[in-house]
Amino acid sequence: MEQMLQMTYLWLKAGHIIFVIFWMAGLFMLPRFFVYHQEATPGSPENAVWVEREARLRRIILMPSLIVVWIFGLTLAYSTGAFHQGWFHAKLLLVVLLSGYHGWLVAYAKKLARGERPFTGKRLRLLNEVPGLAAALIVVLAVVKPF
Ligand code: HEM
């Protein structure tokens with residue numbers, strides 16, 4: 001029984017990490033798409049191609065990964081008692097912020113589809129540092145568990 005629980009935990013953790021990779025890949029790709037999308041004239045055929053690419057990335061990669069990462073992560077937390085540990089509180093805060101960033105990207109994609117171009121390409125490139133920084137901190141918290 002003990003061994004079965006241990007195996008379930010390891011499979012859950014493997015699934016969690018696999019979908020974290022997919023989610024992060026999507027979070028890195030979408031703002032890169034925006035940089036190129038912004039250069040297309042609103043209403044042009046090229047603009048329509050980017051709108052479709054972004055919608056597919058959101059539908060096929062980003063949204064399913066977000067859901068699976070949260071479900072597996074919360075199940076792991078429940079099974080390990082992480083809800084009572086300091087590192088997990090900090091990780092949860094960062095992951096909530098990262099999920100908010102995901103939501104912001106979706107809203108930005110909708111603005112681009114409407115022909116709005118609120119940010120410059122340079123600002124979008126800078127913003128692309130956000131998921132990398134967040135991922136580094138989250139991994140250190142999850143692996144090192146410094147507190
Ligand atoms: C979405 C909400 C998330 C929740 C609720 C969550 C929760 C958890 C929990 C409870 C564990 C097990 C830790 C242990 O071994 O005791 C874990 C493992 C891990 N998580 Fe998450 N996680 C989430 C998102 C993420 C994200 C976004 C990343 C990376 C960017 C990440 C990276 C990892 C890594 C690398 C491990 C393996 C740690 C180890 O075994 O040494 N997690 N996660």
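Each residue, glycine too, has its Cβ placed from N, Cα and C.
Copied over from TrEMBL:
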BINDING   His16, Lys91  heme binding site
TRANSMEM  14-35  transmembrane segment
TRANSMEM  60-80  transmembrane segment
TRANSMEM  86-105  transmembrane segment
TRANSMEM  126-144  transmembrane segment
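Sequence-distant contacts (6 or more apart, same chain, Cβ under 8 Å) of Lys91 (heme binding site) comprise Ile138, Leu141, Ala142.
Within the same chain, residues 5, 8-9, 12-13, 15-16, 19-20, 22-23, 25-27, 29-30, 88, 95, 99, 102, 106 sit at least 6 positions outside the transmembrane segment (60-80) and bring their C-beta atoms closer than 8 Å to a C-beta of that stretch. Applying an 8 A CB threshold to same-chain residues 6+ apart, the list for His16 (heme binding site) reads Val69, Phe72, Gly73, Leu76.
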